[in-house]
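Asker: According to TrEMBL, the record shows the following:
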type	residues	note
TRANSMEM	12-32	transmembrane segment
DOMAIN	15-440	domain 'Major facilitator superfamily (MFS) profile'
TRANSMEM	56-79	transmembrane segment
TRANSMEM	86-103	transmembrane segment
TRANSMEM	109-129	transmembrane segment
TRANSMEM	141-160	transmembrane segment
TRANSMEM	166-187	transmembrane segment
TRANSMEM	250-271	transmembrane segment
TRANSMEM	283-307	transmembrane segment
TRANSMEM	314-336	transmembrane segment
TRANSMEM	348-373	transmembrane segment
TRANSMEM	417-436	transmembrane segment
Amino acid sequence: MMKIQLRGKLLQFFVFFAGSINVLLCGLHLGWPSPSVPQLLSSSSVISLTNDEGSWLASILLIGGICGAILSAVILDIIGRKKMMLLTSLALFGAWLMIAFAHTVLELYIARFIAGISDGFVFCCLPLYLAEVGASEIRGFLLSGITVAYVFGVFLANLLGSFFNIATVALLSSALSLGAICSCLFIPESPYFYVINGDIDKAKISMQLFSGRDAVETSLNIIINDLKEQKKEKGNWLQVFTDASNRKSFWTVVLLRFFQQSTGFIGIVFYTQTLFKSVSADVSSIVFVSIFYSLQIFGSIINAVIIDRIGRRPLVIVSMFTIIVALFIITCYFTLQNLSQIDVTMYYWLLIFGFFLFIVGYSIGLHNIPILLIGEIFPLHVKAFAAAIIDIFYGLFSTMVSKFFQYTKDEFGVHVPFIAFTICSVCSMPFIIYCIPETKGKTLEEIQNQLQNKKKSKI
């Protein structure tokens, strides 16, 4: 029996592995502007690029993510989780090939937009997929592991981009996309998708595969009955807002996404190499960048290991508090550098420490927990819609922060955006302390029962 159940767990990890290749490729796209935009801005570049075009080249990925989220909500429950992941892999493959052979800014814009659509697909689909097929005792680990793959992709983009030209990096990434396509061909469909579409026989087979057990009737009936109760009214966009429980869950995650982006993370990621190049002439920026993203990978792994032991809310609180301390250090350094006569260059290590502390704080909680909550706190019949709408807001927030960072940095000095990020992060603490739900160790059905006050216990 233990061997059979282990086989089911291994299949859950294989789905995670296949999906994580797509996430890693999206991370490569997110980190791509940091080393690539400076190459395109140089006089030796075949493609001529202005600072404003470089900013839009970075941000258009986020705009594509909004479109991907909308499309995902429409087709996710029609074509299924498996086919959505396969479609994502194919789109990522095409986007990397376009970048490899691009000769104009427009071609790069189109490629980045397609990559953004893929990003919207994967972050609407994969958290739901893993939440549906993952056992409750490892669900947090699987969902947190998405962030590790994403961060590793960003790190890989900066590392490869520092040693290879844009075309070479794109071709290497397209080869990795083929691995994602092959992996997605062999993953089973989620039993929840089959239940949604009334194919109970296939749902039973899928549940047997993922659980590693033949006797799944009880668990399957729980899902069927829960879905029947949830689908007294057919799931649609409006039910995200008209149902009190859904509405509360929605605004909780949207506000968490807003405060996540108001830390300035996306601006730092897009301009990592530019920021570190200004720190010290004695040390190559790639050294600082490598340490920065290595710390993020380390923090994300720590998060994946401890999240099912410590819980979601405590990690977010510690994460944001650490970010506030880090942003205060960074803001003080840049403010003194730009507005005072004090020579702070000899204290550059303090700025480096601030950035390193920021990324550790961000990665141990705030980076992945919003993604995890999307997969956990919404009922099945509105989950795809909620994920899509939240991803739209995320894309809007990210685009605004990216443009705000670039504009204020260029027009008023780099200290200005960091002052704003620090203030926003401080303002987020009451919300994080009192409004984030705790879902540790609960099945998806138990979470819904508690959110809808079907039991006296509170999340």
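The backbone N, Cα and C atoms fix where each Cβ goes, glycine too.
Each of these features: where is it, how hidden is it, and who are its neighbours?
Answerer: Sequence-distant contacts of the transmembrane segment (12-32) (same chain, six or more residues past either end, CB-CB distance under 8 Å): 61, 85, 88-89, 92, 95-96, 99, 112, 115-116, 118-119, 122-123, 126, 129-130, 133-135, 138, 142, 145-146, 148-158, 161, 169, 173, 176-177, 179-180, 183-184, 186-188, 210, 269, 272, 293.
Among residues of the same chain six or more beyond the transmembrane segment (56-79), those with a C-beta under 8 A of the stretch's C-beta atoms are 29-30, 33, 37, 40, 49, 87, 105, 108-109, 112-121, 123-125, 128, 193, 196-197, 237, 266, 270, 384-385, 387-392, 394-396, 398-399, 402-403.
Using a Cβ-Cβ cut-off under 8 Å and counting only residues 6 or more beyond its ends in the same chain, the transmembrane segment (109-129) has close neighbours at 15, 19, 22-23, 25-26, 29-30, 56-57, 60-73, 76, 81, 84-85, 87-88, 91-92, 94-96, 98-99, 102, 143, 146, 190, 371-372, 374-375, 383-384, 387-388, 391, 395.
Residues of the same chain lying 6 or more positions beyond the ends of the transmembrane segment (250-271) and with a Cβ under 8 Å from any Cβ of it are 30-31, 33-34, 37, 58, 62, 154, 240-241, 316, 320, 323, 327, 355, 358, 362, 366-367, 369-370, 373-374, 377-378, 386, 389-390, 393-394, 397-398, 401-402, 404-406, 409, 417-418, 420-421, 424-425, 427-428, 431-432, 435-437.
Long-range contacts of the transmembrane segment (283-307) within the same chain, counting only residues at least 6 positions beyond its ends with a Cβ under 8 Å from a Cβ of the stretch, are 31, 34, 140-141, 144-145, 147-148, 151-152, 154-155, 158-159, 162, 272-273, 276-277, 315, 352, 355-356, 359-365, 367-369, 372, 440.
Counting same-chain residues at least six beyond the ends of the transmembrane segment (348-373), those with a Cβ under 8 angstroms from any Cβ of the stretch are 123, 127, 140, 143-144, 146-147, 151, 249, 252-253, 256-257, 260, 263, 265, 268, 275-276, 279-280, 288, 291-293, 295-300, 302-303, 307, 312, 315-323, 325-327, 329-330, 333-334, 436-437, 439.
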Asker: If you count Cβ pairs under 8 Å, which stretch among 141-160, 166-187, 314-336, 417-436 touches the transmembrane segment (86-103) the most?
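Answerer: The stretch I would name here is 166-187.
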Asker: Under an 8 Å Cβ to Cβ limit, what residues of the same chain, 6 or more beyond the ends of the transmembrane segment (314-336), are close to it?
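Answerer: Distal contacts: 256, 259, 263-264, 303, 306-307, 342, 344, 347, 350-351, 353-355, 357-358, 360-362, 364-366, 369, 413-415, 418-419, 421-422, 425-426, 428-429, 432-433, 436.
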Asker: Do any residues of this chain, six or more beyond the ends of the transmembrane segment (141-160), have a C-beta under 8 angstroms from a C-beta of it, and if so which?
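Answerer: 12-13, 16, 19-21, 23-32, 34-35, 126-127, 130-131, 134, 168-169, 172, 269, 272-273, 286, 289-290, 293-294, 296-297, 300-301, 303-305, 307-308, 363, 367-368, 371-372, 375-376.
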